[in-house]
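Colleague: Sending over a structure as structure tokens; questions will come in a sec.
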Amino acid sequence: MPVRRGHVAPQNTYLDTIIRKFEGQSRKFLIANAQMENCAIIYCNDGFCELFGYSRVEVMQRPCTCDFLTGPNTPSSAVSRLAQALLGAEECKVDILYYRKDASSFRCLVDVVPVKNEDGAVIMFILNFEDLAQLLAKSSSRSLTQRLLSHSFLGSEGSHSRPSGQGPGPGRGKYRTVSQIPQFTLNFVEFNLEKHRSGSTTEIEIIAPHKVVERTQNVTEKVTQVLSLGADVLPEYKLQAPRIHRGTILHYSPFKAVWDWLILLLVIYTAVFTPYSAAFLLSDQDESQRGTCGYTCSPLTVVDLIVDIMFVVDIVINFRTTYVNTNDEVVSHPRRIAVHYFKGWFLIDMVAAIPFDLLIFRTGSDETTTLIGLLKTARLLRLVRVARKLDRYSEYGAAVLFLLMCTFALIAHWLACIWYAIGNVERPYLEPKIGWLDSLGAQLGKQYNGSDPASGPSVQDKYVTALYFTFSSLTSVGFGNVSPNTNSEKVFSICVMLIGSLMYASIFGNVSAIIQRLYSGTARYHTQMLRVKEFIRFHQIPNPLRQRLEEYFQHAWSYTNGIDMNAVLKGFPECLQADICLHLHRALLQHCPAFRGASKGCLRALAVKFKTTHAPPGDTLVHLGDVLSTLYFISRGSIEILRDDVVVAILGKNDIFGEPASLHARPGKSSADVRALTYCDLHKIHRADLLEVLDMYPAFADTFWNKLEVTFNLRDADGGLQSTPRQAPGHQDPQGFFLNDSQSGAAPSLSISDTSALWPELLQQMPPSPPNPRQDLDCWHRELGFKLEQLQAQMNRLESRVSSDLSRILQLLQHPQGRPSYILGASASSDLASFPETSVTRSSESTLLVGHVPSAQTLSYGDLDDHIQTPRNFSPRTPHVAMAMDKTLVPSSEQEQPGGLLSPLASPLRPLEVPGLGGSRFPSLPEHLSSVPKQLEFQRHGSDPGFTRS
């Protein structure tokens, strides 16, 4: 697996930085885009919404002059000053009277701070709002506290220095100081800004608003400093790579990779030679040589000293190396790096870096030499680094087998050193000489001589023999040529056999299982990576796009660990799938207001439909003109919405963007691009899935649509007449207008000939204009487009119904011998027998041509004129087929029959307007069609015997 690099791609952390700067200061601010018309608001925090009572949906895209917060008592001079500051891109502070949503007013102190880019151009404005009454209360409380402290201090000091009889006593001064508290409380409760602006009091210092501005100058300067144009305080609105402190080393840099491999080789050297040196340091021969030739007589000791120095340098480098925290963020702050290293591997690295050879050189006693030699085995703690370094290769089968073999050999090497140390320690004290070293000397003809320290087998013979014994014992293949003879040797042999049986069973006995288990994940990774590379090679993807593909694949693999959630869920029953999905999306379903009040079953059904997606910075989620078939919920990160490369909105956590599906029968097209600024986690649900679930829970559907607040509606309002609104009474249209029942219901069916009267009707149905003329014009255009959209959809349905009815009429005229389907109520066969044989199609005088029209063909209006002609001599009972291109066709009679009934075959067809043709979600389905009205039912023909004549 690749190195865990963390979130190292360039990110636009503008919004996250501003929120992090302000979250501990209880700020109420908004951000406006200076490059848009009217400096539209693109973000407002929760504190602003709580202060004024508006939701974020109601504030977004409004001008940053905040005209919606002004009222009748708002001074025009303050509004002009604010507008002038925005127009001139100047920093200023404005004291203004604003109104909340509930019509309550309060005095507000507004700080306007322009934000410039790297070229010096103003791109954004940040407006900070403070309640002036709260500032006065804080300033007054601080002033009272200071005065109480000063009075108490002066009173206590004066009581000791004032002569008797001069001034009040200590008791009276104390009482006076305390007596001010109730009076201040009363004044504070009855505090009136206008009353105390002109007046003054001797007991309590009432601060005027301009004094508040002066006293809060430091606070405002802090805000300005936070919002200043310096690159080290306020981030620029652009993609920025993570800032790395000077002197720190990236954990994925080439230098760190080379250094890690060098340390890895040194650790392997330590693991091999440290037990060997510790075992042979116990020999008197080495000690005697050390005393005669000094510390540098052994090259191995010099190498050990160099290794110790390298380990110390590695500790210093680790204090300056970045790491990845639990949030996949690269941490480069030296203090945080030091704390993280102290809590982790510092103790192990420090113990392993102690230069024991220097201590041995300074102390010459045998006991100290033996102890220090044993302590050198602490260097084996460095093997933890090997496991940490090689863990990333644990999914490669060949590497795993190689590591297992090396581990087996390393353990055998350690046991061989211990086996030699046991024999070397016991040999001088054994009588008779039955140890394995004496037996080896007898076999080789190199017996030990007590007077000659150099006697006996060579070091190579002793080490190879010890290694041979440990390998044969670990693999349970003992030949007996090297055998334990003393009790210590036998106990050690038992331990070796126990370790060998465990290792043999766990490693060699399960090699096939280890290979299969380890190859599964890496096989999937390499298979997917190979597909990506083949796709890139086949389609000749350019290098920048190729790099994005590979980085996204690696990041997505590390993010999901190659787990396909859909494939995993398919193996579980549906009830368990719903529970798992409910757990995965629990944060969204619990905190989003739109899902509150839903039943457990509804939440389970919604959770199954939700999908989670992860987007890296710079990835475009929605392009301009894309079909809006998905609703997105942001759970982490921030995104920007662009129109013509101009930022129109910045969305963050808990924001929603897309299109409210309740307002339109068909999905619209996106009016902007949606691009990720940081690494984002989003929940998305398809339009069809959402409507399907809400159709199953109609009681919750109304609550959901009322509570759903889409932070930014991406639907293109000017994209043409594409869909029909699916609305409920009292809801909002796509542009935010509230429609009543008469406006949102199905409009009457209008004919093509009546389109000339459309404009006066639309003008009469328009709602009252708001006070702002510009908003009035925008509302009129949007309402007009909405009405035209309704009209177009209803005319399309009307045309399909008329074509269907005409095809049925032509089919009836083609088959005169059969029973007419339009004769309703004829039940007896005798009625058909008595029906006259002369019909319209058999008349010689008739010129009605229908024989060449296929029965399944649907005719248009022009084709009908070619096939249906009016005869010259037409019987009173012969039907006149008249076409009205803009009306629904129904039969009418030229002569009224007795009883007020109409004969369809003796009368021409007359037009009839049928209200309410729309309103069905799927009008083409038979089960959704409404019942036939009574005036549409064809009556019996006059020659029908069942017809009652008067």
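Any Cβ shown, glycine's included, is placed from N, Cα and C.
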Colleague: Tell me which range among 23-43, 44-64, 464-484, 548-568 Swiss-Prot lists as intramembrane segment.
Modeller: 464-484
Colleague: Any idea if ASP328 and SER439 are on the same membrane side according to Swiss-Prot?
Modeller: no
Colleague: Tally of helix, strand and coil residues over the topological domain 'Extracellular' (420-463) according to DSSP?
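Modeller: Secondary-structure breakdown of the topological domain 'Extracellular' (420-463): 24 helix, 2 strand, 18 coil.
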Colleague: Helix, strand, coil residue numbers for the topological domain 'Extracellular' (485-490) per DSSP?
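Modeller: Within the topological domain 'Extracellular' (485-490) the tally stands at 4 helix, 0 strand, 2 coil.
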Colleague: Average pLDDT across the topological domain 'Cytoplasmic' (392-398)?
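Modeller: That region's mean pLDDT is 65.
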Colleague: Would you mind splitting the topological domain 'Cytoplasmic' (320-340) into helix, strand and coil residue counts from DSSP?
Modeller: 7 helix, 5 strand, 9 coil
